[in-house]
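Taken straight from TrEMBL:
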BINDING   GLY23, LEU24, ASP25, ASN26, ALA27, GLY28, LYS29, THR30, GLY69, ASN125, LYS126, SER127, ASP128  GTP binding site
BINDING   THR30, THR47  Mg(2+) binding site
Amino acid sequence: MGLLTILRKQKWKEKEARVLLLGLDNAGKTTILKRLLNENTITVSPTFGFQIRTINVEGLHLTIWDIGGQKTLRSFWKNYFESTEAIVWVVDSLDESRLLECKHQLHELLLEEKLLNISLLILANKSDAAGSLDAKTIEQLLHLDELKSRHYCILSVSAITGDGIQEAINWLASDLRESKMGILSN
Ligand SMILES: Nc1nc2c(ncn2[C@@H]2O[C@H](COP(=O)(O)OP(=O)(O)OP(=O)(O)O)[C@@H](O)[C@H]2O)c(=O)[nH]1
Ligand SMILES: [Mg+2]
């Protein structure tokens, strides 16, 4: 049994999971985190480093790392991959012009060996705004079919209205629970 598996088993016994909130700048990662924490979502500013917050979902203690998505910061993302069990990839579904860049970054990220067995939740954010693309369209434009054996979930959400946010975090908690159960029974 590898060290990583032992650490994961230990964390599951403690009902803890480490989640990275990633995506391009301006996608709405920090706003989503504020929504999850029931904080004011009106005042947000770009994240230049990272912030760590914890939430409890269905008895699971999630440590969420909200990491800045600006281009100059992306080379630092890899510093956070160790022991990560889930990625929440946030997409600005209003900004069609950046979906190619978004697709490229996501596919590059998923090549990382340390992220092979993570839970992957993709959030098409800003669904409240007129002209936003729906989850099905984003799924196609991000070429998620190329992810092959990797399972994922894509959902439309709005950090501003809160639509879909609870369902999204519930999916994550269930998926983490299932995958950790799998590890435990190995
Ligand atoms: N209409 C709408 N605007 C949103 C939503 N979520 C976030 N925004 C806006 O999008 C902008 C960027 O939000 P942030 O949460 O700072 O984005 P971020 O992904 O954390 O950006 P970085 O920290 O730079 O990586 C802000 O002006 C938010 O008000 C949403 O659901 N709907
Ligand atoms: Mg931010």
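Count begins at 1; order follows the chain as displayed.
The backbone N, Cα and C atoms fix where each Cβ goes, glycine too.
It should be emphasised that the depicted structure is a prediction, and the values quoted were computed from it without experimental measurement.
When other Cβ atoms within 10 Å of the Cβ of LYS29 (GTP binding site) are tallied across all protein chains shown, the result is 29. Ligand 2 lies within reach of LYS29, THR30, THR47 from the binding-site residues ASP25, LYS29, THR30, THR47, LYS126, judged by a C-beta closer than 6 angstroms to any of its atoms. The 10 Å shell around the Cβ of THR30 (Mg(2+) binding site) contains 22 further Cβ atoms across the protein chains shown. The GTP-binding residues named in the record, GLY23, LEU24, ASP25, ASN26, ALA27, GLY28, LYS29, THR30, GLY69, ASN125, LYS126, SER127, ASP128, extend over a maximum Cα to Cα distance of 22 Å. Of all the Cβ atoms in the protein chains shown, 16 others lie within 10 Å of the Cβ of ASP25 (GTP binding site). Of the recorded residues, GLY23 (GTP binding site) and THR30 (Mg(2+) binding site) place their C-alpha atoms 11 Å from one another. For LYS126 (GTP binding site), other Cβ atoms within 10 Å of its Cβ number 25.
Between the alpha carbons (Cα) of LYS126 (GTP binding site) and THR30 (Mg(2+) binding site) lies a span of roughly 13 Å.
On the backbone, the CA of LYS29 (GTP binding site) and the CA of THR47 (Mg(2+) binding site) stand 9 Å apart. Mapped onto three states, the DSSP output places LYS126 (GTP binding site) in coil. On a Cα basis, THR30 (Mg(2+) binding site) lies 17 Å away from ASP128 (GTP binding site).
Cα-Cα distance from THR47 (Mg(2+) binding site) to GLY69 (GTP binding site): 8 Å (rounded to the nearest whole number). For ALA27 (GTP binding site), the same-chain residues lying six or more positions away in sequence with a CB closer than 8 A to its CB are GLY69, VAL90, VAL91, ASP92, CYS102, ASN125.
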